[in-house]
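Okay, so here's the structure we're looking at.
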Ligand SMILES: Cc1cc2nc3c(=O)[nH]c(=O)nc-3n(C[C@H](O)[C@H](O)[C@H](O)COP(=O)(O)O)c2cc1C
């Protein structure tokens with residue numbers, strides 16, 4: 001597939017089954033992720049694999065974070081949602097947490113470092129597509145939950161850019177066609193005149209002088 005074909009073929013997969021990428025394939029995908037544009041070579045990304053043997057424990061972290069958020073907001077705990085949180089890390093063969101750990105020396109703005117990590121995440125998804133795997137990038141309330149961040153070893157200024165799921169798209173899942181026009185954004189052409197509108201004609205009659 002050409003690069004453009006890979007970009008056009010990438011979709012968020014609703015369901016991912018085995019097999020997932022093996023360690024060599026995953027390594028290549030992460031190398032592709034780390035080729036992202038990165039102003040100042042900050043290397044702000046961090047990738048954390050939630051291995052199958054830790055998926056239940058990470059699910060517990062997500063579930064108790066959800067329950068705590070409910071207590072804080074006074075919302076009743078939805079048992080279905082609780083079970084969904086608990087099962088999240090096991091819903092695909094590979095669950096990766098992509099985070100930004102920005103350098104705070106002021107040299108490169110923090111928002112640019114988050115942009116670099118978003119670019120790395122997209123590289124990861126495209127590399128997965130190129131290797132024949134499906135992917136899904138999600139965030140949700142867990143991404144900004146302080147207890148989830150703590151469990152991942154992230155600090156106050158760090159942020160989860162996405163939970164990335166990788167695996168095989170089941171045969172039965174049809175490729176969702178893009179709504180027409182979605183992949184062809186309109187482009188506005190800037191002109192100098194637009195930013196310098198003509199001065200309105202003067203209505204000053206000079207009567208007060
Ligand atoms: C920063 C970010 C966060 C996202 N979070 C979620 C999410 O929480 N849940 C979800 O279903 N999709 C999430 N997505 C995936 C997009 O919504 C998805 O790409 C969109 O549905 C378009 O589908 P496509 O990827 O097949 O083009 C996220 C994407 C990005 C870039």
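Cβ coordinates are placed from backbone N, Cα and C, and glycine is handled just like the others.
Automatic, uncurated: that is what TrEMBL annotation is.
When secondary structure is read from DSSP and collapsed to three states, residue 139 (FMN binding site) falls in the coil class. The annotation FMN binding site is assigned in TrEMBL to 10, 11, 12, 39, 137, 138, 139.
According to TrEMBL, the feature domain 'Nitroreductase' maps to 8-167.
Among the features that TrEMBL reports, region 'Disordered' is placed at 171-209.
Checking the binding-site residues 11, 12, 39, 137 against ligand 1 with a 6 Å cutoff on the Cβ atom leaves 11, 12, 137, in sequence order. DSSP gives residue 10 (FMN binding site) a coil state; it is part of no helix or strand.
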